[in-house]
Each structure stands twice: as structure tokens, then as C-alpha cells.
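Here is what TrEMBL records for this protein:
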- A:Cys86, A:Cys89, A:Cys120, A:Cys123: Zn(2+) binding site (BINDING)
- A:Glu97: Fe cation binding site (BINDING)
2 protein chains.
Amino acid sequence: MSRRNTASQSAVLQLLRESDCALNQDMVAERLDSVVNRSTIYRILNRFVEDGLVHRIVGEDGRQYFAKCSDCTAEAHHHDHPHFHCVSCERVECLSEPLRIGVPAGYLPQQLNVTVSGYCRDCNQNS
Amino acid sequence: MSRRNTASQSAVLQLLRESDCALNQDMVAERLDSVVNRSTIYRILNRFVEDGLVHRIVGEDGRQYFAKCSDCTAEAHHHDHPHFHCVSCERVECLSEPLRIGVPAGYLPQQLNVTVSGYCRDCNQNS
DNA sequence: CTTGTTAATGCGACAAATTTGCATTAACTT
DNA sequence: AAGTTAATGCAAATTTGTCGCATTAACAAG
């Protein structure tokens, strides 16, 4: 089951590469030049996550956001950085500072989802 | 618009007080002795959050979980502790260790949602 | 270049979680 | 005891994401 290259797929990947923040399905849809079906966008994004190209962030609103892994290689993924979710403009951006959170003995941590929500610089000033 | 005391309301609050982990609407519903309408449960929980009695956690599954504020007073809320969300038994529990996450200058952080997901002790052993 | 295989897409339907409008009930004030 | 209106129940709507299935098209092989 090897992957095939399609226009929609590379367009989405390009979007995520260029974006300085994480995107949800809506954002991807509206930023694409051509119209791509909703399920297709979800499938593309999920495929990226599966392949480790992109990581999934659950926003403060419970929605899924996707961001290109910048410093991740195929071997080592570190999605251990916090995100800032602006409640006003809805931007979700990755903060650089990685962090480690201890769990009680016997627990097996797998994923980390850290979201600070509030107002980003722009929205904080315009209010 | 003052609050009124109702049986459902205090039952839900009691549940949250007794619970050692955060609960979502389903969990609240099935643990209540009497049947309470779904929307009502949501409204009760949202009211609690609004009043600062309870804090809302967005789980790894995008669902809303609610936990009683234990060390919070009306004045000072600190929901700055991480949560552990077991992907197997779905338990969401508060970890004690509080943490502080820096945001870029000009940003106004308000809420913090930190969730480590994986397998809790019980589920880790039974697998 | 043509052809076959099957991954990717589009579409509609479905599912789950949460919210909302509205009529009814019941808490609390006077 | 009576009036005001917060809280509830119910049904319907919304939102977000997934799934089945038929169709399209990417890519490998001849």
C-alpha cells in the first residue's frame, strides 16, 4: 500500500509548510486554490499524521489542528512543545520551548498535548 | 440572574467532588442516581465552569471533561496542572505537579490545557 | 504508449458531541 | 400564598469528523 502523489496532497503539504501556525480542516479548505472535498482533506491530513510528516494538536475548542513537523526526522519525533491557541483569531501556533512532564510510576505516556489559550499579540493589542 | 439550588445540580457537584478524575457528560449521566437530561447536564457543568467551581479539560479525544477545583478559591484559580488521559479506560485525571509555560512577549495567556495521553497504570499492566 | 492494479477522490450518509429554542416546572423573593 | 424567572426536558439543529461505495487517476509493468 504505497503512497501516490496527487495535486491536492502536495498542495496541502505546501500549505502546512508555508504556514506559521497549525491549521484545521476549514483553514486548509479556504486556503487551497482549488476546491477539495472535506473528507479528502481529512484523509490527507490523517495520512500525513500516520506518516509522521505532520502532528495533530487538539485545540482548546476540541477541534483538530495540524502542523508540519519542523525539527522531526523519520526516526525521532518530538511533539513535546506547547501551542498557543488564540481565542480571538483562532490561530494555533507552535511555541519552541519543549517540555517534559512527569507521570506517576507505572504509567505509559505516549502523546503530549499542551495548549495555552488566550490572546495573541495582534489580538491583544487590538482590544 | 442569581443561581438557584436544584437536586440535579447538587448531585452533579457531589459527583465531581467525590470523583478522583475528571468526568464528561456521559460519565456524569451514568453515575447519577436519577435520570437527568443531557442538555441539562451540559448546562449544569458549564454553569459550574462559569462560576469557577469546576474546570474544563479538553481531552485527547476532543471531548470536554470536568473536574472539581480542589485548591482553587473564588479569587485564585490555578488550573495549571497537567492531566493524564488514558486512551484505554478513558480516565482523565489531574496530576499534581503544576507547571508554568512561557509565551512570547505581548501575548496574553488565559487558560492552560495540558494533557498527556497513554496508558494508565491499570491499563498498562493488563496488556 | 497502452494497460492493469489499486490508492486517492468525491459524494452522500452517518455518527458523536454539544448547543439552542421553546414550553413547562419549580426555586426563591416579597 | 403569589409572582418572577432560573432551571429543566425535549426535540431539533449544529458542528466536527468518519465511512461506504462508486469513480478517477497515479504509477508500475509490459
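Quick reminder: no glycine exception, Cβ is built from N, Cα and C everywhere.
Keep in mind that what you see is a predicted model, and the values were worked out from it rather than measured.
Shown here: features listed in TrEMBL, placed on the structure.
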{"residue": "A:Cys86", "record": "Zn(2+) binding site", "contacts (Cβ under 8 Å, 6+ apart)": "A:Val92, A:Ser117, A:Gly118, A:Tyr119, A:Cys120, A:Cys123"}
{"residue": "A:Cys89", "record": "Zn(2+) binding site", "contacts (Cβ under 8 Å, 6+ apart)": "A:Cys120, A:Asp122, A:Cys123"}
{"residue": "A:Glu97", "record": "Fe cation binding site", "contacts (Cβ under 8 Å, 6+ apart)": "A:His81, A:Pro82"}
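The residues near the Zn(2+) site, meaning same-chain residues not in A:Cys86, A:Cys89, A:Cys120, A:Cys123 whose C-beta sits within 8 angstroms of the mean position of the site's C-beta atoms, are A:Val87, A:Ser88, A:Glu90, A:Arg91, A:Tyr119, A:Arg121, A:Asp122, A:Asn124, in sequence order. Neighbour counts of Cβ atoms within 10 Å were compared for the binding-site residues A:Cys120, A:Cys123, and the top value is held by A:Cys120. Taking 8 Å as the upper bound (exclusive) on CB-CB distance to chain B, the binding-site residues A:Cys89, A:Glu97, A:Cys120 give A:Glu97, A:Cys120 in sequence order.
Under the three-state DSSP scheme, A:Cys86 (Zn(2+) binding site) falls in the strand class. The DSSP secondary structure for A:Cys120 (Zn(2+) binding site) is coil.
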